[in-house]
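Worksheet for the structure shown next.
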Amino acid sequence: MDIESRQGSRTTSVAAEVSVDWRGKPCRPNKHGGMKAAVFVLAIQAFEITAIAAVGNNLITYVFNEMHFSLSKSANVVTNFVGTVFLLSLLGGFLSDSYLGSFWTMLIFGFVELSGFILLSVQAHLPQLKPPPCNMTSGDQYCTEATGFKATIFFLALYLVALGSGCLKPNMISHGADQFGRDDPNQSKKLSTYFNTAYFSFCVGELIALTVLVWVQTRSGMDVGFGVSAGAMAIGLLIMISGAFFYRNKPPQGSIFTPIARVFVAAFTKRKQVCPSNSEMIHRSNTVAPDHPAMGGLEASSYVGNPAYTNKFRFLDKACIKAQDGSNMKESAWRLCTVAEVEQVKILISVIPVFACTIIFNTILAQLQTFSVQQGSTMNTSLTDSFKIPPASLQATPYLVLILLVPIYETCFVPFARKLTGNSSGITPLQRIGIGLFTVTFSMVAAAVIEKRRREMYVESNKLLSIFWIAPQFLIFGLSEMFTAVGLIEFFYKQSLAGMQAFLTAMTYCSYSFGFYLSSLLVSLVNNITSSSTRDGWLSDNDLNKDRLDLFYWLLAALSLVNFFIYLVCSKWYCSGRSLSTSPPTVSLGEGNYLNFSSSKHVQSEGVL
């Protein structure tokens, strides 16, 4: 039995990473890449998140007060918008890895997002594109909901922003990470530092959006606020373009789905083929480093070799076993795949449970951007006699703290943990995700306790609880996000081989998407289940003083805790069955770099020719 181990031209995208400059010429280590290039990407990330966070985090106020959608419908408009942003990240990752490259994908869709911000500003400014002014909280007025042409313009602008931002997000992360080689241990440490710095950049953008821009929206109107978002996006694009001469660019590799499809087709075609009983033989063929010079004179910038052999989904191993029909004819790429291709598909399947366990986490994020903002609007927002805190600005609380906490984590905790664990990141990405998933439960516990107290005070004595009481739920979530969000991005990026970094990074954003869609589904389900002929559902009224938002928060806390225990099982399953051997055995390669086995049913190490 022969297992394909040769990395020919058709598998270059799986085994080696190649970097070029803006002219398509080989990169030079002293000129291209590194933190000096990543700084430009960090800048576009900060300005882009500033622009879209100012829209998304205060969008429910605009939809409810000026477009006159009901409270539950407004919440669903926001969650569907944010969910679409993150779902479209898959499109951005696919286009980048397959056809455009990260830089051109960022440039094209950056301008698409900018056009959406401009159209939103125009729509919010012109009275003829909005329904007549009306107080939605007054029971004496009937407010006309935006429909027809007015709604069309609004949703067109909104989803231009979603398309641009969705395709931009995974490429900002992956393009910045591409500036560091993963084969060098020193570069690996810098890569971990980059992910923490990227989160710090994200926090700065969020903080500015939730303080300065939300204050502008509240004081000067949403049209001015949307205009400022457009300006921030334009500045970010100019900075990104300025760094073009310093970037290390990964050329697109063609459709990233083709190698995946080949593995499934080859495995199905050879479904009756017998796999070697000793899986170590496949592992050995995988650890033999192929002869991989730089392709076409390009710098092999981040050769990371083949992925370690996993003892899961062994039916896929048949895709890399030569047909035992005695013909000895060369098989096509759709019948014979390399071990690296098979292992990459196994990785894609294996990470799905880990990915799924972060969906509930992002469902909680959806509540903080919707119901918690409305919760704050029913509280005492006065800081002084003349200044009131915009409810959406409470979401800045965790980012204000994290701007101080993230550098401490990077400079103090990571070096200390690195000495204890020997891991370049201090703790593994899976451990980091687990800490975040456990911590986020307490965010909803705090939210439920405070909401119950707020509602009782208003109903019993008509008093307003201070808005600062909802700060803990935002603070706890921010702390958990520092672990979960950064850990998930680092985990997915490090699982990818050359040519799939942007797409796998995009999968992390799909967790946000599914979380926000699940939020919309939960709101509808909870309303339907808790409604009866004698009472309304928990979230069926436009008045939180009549709703039972606290019970909804308790439900999410329970789901989050159950989800954490499921994650422990999934992460343990992911780590099990993965080969830890890294030293390649001494073997002789036969003609064509195949490993030959003496029998298809019983494999011994002596059978290697």
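If you go along the chain as it appears here, the first residue is 1 and each next one adds 1.
Each residue, glycine too, has its Cβ placed from N, Cα and C.
Annotated in TrEMBL:
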- 37-57: transmembrane segment (TRANSMEM)
- 77-96: transmembrane segment (TRANSMEM)
- 103-126: transmembrane segment (TRANSMEM)
- 146-168: transmembrane segment (TRANSMEM)
- 198-218: transmembrane segment (TRANSMEM)
- 224-247: transmembrane segment (TRANSMEM)
- 345-365: transmembrane segment (TRANSMEM)
- 396-417: transmembrane segment (TRANSMEM)
- 429-450: transmembrane segment (TRANSMEM)
- 470-493: transmembrane segment (TRANSMEM)
- 514-531: transmembrane segment (TRANSMEM)
- 551-570: transmembrane segment (TRANSMEM)
**Study point:** Recorded stretch, among 77-96, 103-126, 470-493, 514-531, 551-570, maximising Cβ pairs under 8 Å relative to the transmembrane segment (146-168)
**Key:** 103-126
Review point. Restricting to the same chain and to residues at least six past its boundaries, which positions have a Cβ under 8 Å from a Cβ of the transmembrane segment (470-493)?
Key: 173-174, 177, 192, 195-196, 198-199, 351, 354-355, 358, 361, 364-365, 368, 372, 375-376, 379, 394-395, 397-399, 401-402, 405-406, 409, 425, 429-433, 435-440, 442-444, 446-447, 450, 501, 504-505, 507-508, 511
**Study point:** Top Cβ-contact partner of the transmembrane segment (551-570) among 103-126, 224-247, 396-417, 429-450 (pairs under 8 Å)
**Key:** 429-450
Exercise for review: Residue list, the transmembrane segment (514-531) vs rest of chain: Cβ under 8 Å, 6 or more residues beyond ends.
Suggested key: 72, 75-76, 79-80, 82-83, 86-87, 358-367, 370, 537-540, 548, 552, 555-556
